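Q: Straight out of TrEMBL:
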- 61-303: domain 'Kinesin motor' (DOMAIN)
- Gly67, Gln68, Thr69, Ser70, Ser71, Gly72, Lys73, Thr74: ATP binding site (BINDING)
- 312-339: coiled coil (COILED)
Amino acid sequence: MSEELQLHEQGEKIFVSIRLRPLQDKARNRICDWECANNDTIIFKNSLPERSMFPAAYTFASIFAYGQTSSGKTYTMRGITEYAVSDIYDCIERQEERDFVVKFCAMEIYNEAVRDLLSPDSYPLRVLDDPERGTVVEKLTEVALRDRDHLHELLTICEAQRQIGETALNETSSRSHQILRLTIESSAREYAGAGNSSILAASVNFVDLAGSERASQTSAAGTRLKEGCHINRSLLTLGTVIRKLSKGRTGHVPYRDSKLTRILQNALGGNARTAIICTMSPERIHVEQSRNTLLFAKCAREVRTNAQVNLIMSDKALVKQLQRELARLEKEMRSLGSASVKGDTAGVLREKEKLIGQ
């Protein structure tokens with residue numbers, strides 16, 4: 001069996017990386033128990049006797065941000081999104097033989113309710129199962145982008161709409177999970193026959209999770225406490241799904257126990273390439289949660305996905321290509337007619353008939 005065929009059948013492992021946030025100014029005097037030994041290894045300095053059972057080092061040979069509250073997930077995802085969008089548009093501009101349509105939608109999951117970040121209305125949206133498209137969010141706004149500047153405008157709107165709040169650990173703590181989705185469709189500029197009229201389609205999700213937190217550390221009460229309970233419950237489901245997937249697809253995987261895992265089902269264990277950035281804070285007060293983050297990362301890198309090229313073979317795609325080809329032929333006929341006014345009229349007519357025949 002060839003190596004390529006084995007890779008296709010076994011799937012591709014999730015790409016996992018760790019980001020250790022530098023100490024903030026107000027935490028400079030706190031004790032730090034974690035450090036990066038090199039590009040692949042994070043070391044626990046083990047200065048606490050009661051933590052002697054912790055593994056001393058975690059190695060990762062290796063977009064999705066996971067980690068405790070105030071560990072830098074939103075900051076990281078802003079940079080990742082900016083660089084990824086730039087790469088996507090650079091790639092589009094190099095593909096001169098294809099036409100591209102880029103669409104954008106954005107949602108947040110706040111207290112287990114899904115909300116459209118591009119709409120001023122705050123009512124919750126329903127999550128439905130579509131036989132063709134899988135899990136979809138009903139009535140979610142999707143905008144066709146004009147250019148990359150248009151996308152940056154929409155990202156600013158999303159940032160302003162997202163639920164944030166102040167806790168004892170973070171002045172601007174994200175109180176919801178945010179999912180930004182770009183859908184890119186491309187087709188050949190020139191018609192190449194019914195057999196080659198398919199559209200290539202792909203989606204990329206930028207997921208910024210709210211951070212796991214302990215009420216004793218965040219001093220949460222009232223609304224903040226309720227938010228934290230919903231956040232932790234959905235992250236617990238995510239962890240359970242990852243553990244189940246890391247052991248193979250035998251048995252029930254509880255995707256439907258949370259809106260987050262239900263919406264991201266395909267990205268976690270289906271037709272996708274997935275990267276997870278696990279962020280952690282080095283202070284000793286976060287040592288238990290940092291360890292849990294690393295255990296999540298170890299499980300995540302054992303999960304296999306199976307990415308495939310998405311071809312849309314439909315009558316609509318064929319009609320769209322034929323319409324473009326007809327417009328191109330009409331343009332050629334007009335230019336041919338204007339260039340041949342002084343030439344042989346019969347020859348011009350024959351050329352036009354030939355084009356119409358094609």
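All positions are counted from 1 along the displayed chain.
Using the three backbone atoms N, Cα and C, a Cβ is placed for every residue, glycine included.
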Q: For the recorded ATP site, enumerate neighbouring residues of the same chain (Cβ within 8 Å of the Cβ centroid of Gly67, Gln68, Thr69, Ser70, Ser71, Gly72, Lys73, Thr74, site residues themselves excluded), in sequence order.
A: Arg21, Ala65, Asn170, Gly211, Thr279, Met280, Ser281
Q: Considering every residue in the coiled coil (312-339), what is the mean pLDDT value?
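A: Mean pLDDT for the coiled coil (312-339): 68.
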Q: Compile a sequence-ordered list of residues in the same chain as Thr74 (ATP binding site), six or more apart from it, whose Cβ lies below 8 A from its Cβ; state 'none' when nothing qualifies.
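A: The list for Thr74 (ATP binding site) reads Ala65, Ser174, Asp208, given in order along the sequence.
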Q: Report, as a single number, how many Cβ atoms besides its own are within 10 Å of the Cβ of Gly72 (ATP binding site).
A: 20
Q: If you count Cβ atoms within 10 Å of the Cβ of Ser71 (ATP binding site), leaving out that atom itself, what do you get?
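A: Summing over all protein chains shown, Ser71 (ATP binding site) has 27 other Cβ atoms within 10 Å.
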